[in-house]
Amino acid sequence: MTRPPFPRSEHGTHPRRNASVADEWDESVPGRSGFVSVQLRRTGAATAVVSTIGLVLINATGIAHSETTAQHQPGRTGSTLAASASGASAGQSGTVQVVSTAGADDLSGPIDTEVSDDQRRMAELLEAKDLVATRVAAVALAQRDAAAAAEAERVAAARWVRPIEARVTQGFGGSNHHIGVDFGAPHGTTIHAAHRGTIIYAGWETGYGNFVQIMHENNVVTSYGHMSRIDVRVGQEVDTGEQIGLEGNTGKSTGPHLHFEVRLNGQYGTKVDPLAWLAGHGVTY
């Protein structure tokens, strides 16, 4: 029985060995199929040859069929290229299909909500931490300010100063029962509040002339007589060392001087030695 010839290619024919006759070659079979050289060896009813490009199948009738496939493995870009060609010769066109797959760098997939929630919770925790730190710092600052204010108050409460820069001309008591102390200085010398307090009297007083009284803590009162000028008014708050007037020679006086008194338990309370009182508060003459 005469076998049908194998399809020819554009590259001409190459000899093929006849399987039924030793050392005999068949010149009727084309030597190339598709893109590479192929040698066909027939065994029984069919012949099969595997090439580097594709698979060539020959059926029992001797008709050759070729199917070429090429695949490009997905890379970092996350895409797959598939090409197939079917036909007896390499000149037949194939089909190409591009398929998107989820690769290592594919950003088109859905957002991981669990990661997103974790990030949101972390941001909330950091914000809460910053808020707590801010509040702690504010509390610490307030405590420091309060401590500083308390210390300043303590110092201010304990601070006394000289009512005038002068020399002592007459002390407390003595044979004439002097109820204060006199400081002699040039006319117009500045007179200061010996301690902070509230002005409870500012005006003329018989015997004292221009007279000022200041109420301090613990119901202690200091008095300033014979002033040439009064610079404060009743109800005014004065600080320790603040100017309250000028030294003079008003009232029952024999010369410019300041008559200074200290009384305990109010405006008309017990009279004490002003020099001893001042010394007890760190002020000496």
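Cβ atoms here come from the backbone N, Cα and C positions, even for glycine.
Quantities reported herein were computed from a predicted structural model and do not represent experimental measurements.
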Region 'Disordered' per TrEMBL - which of 68-92, 93-117, 168-192 | 68-92
Among 1-30, 211-240, TrEMBL lists region 'Disordered' at 1-30
In the domain 'M23ase beta-sheet core' (177-268), how many residues does DSSP assign to helix, to strand and to coil?
-> 3 helix, 50 strand, 39 coil
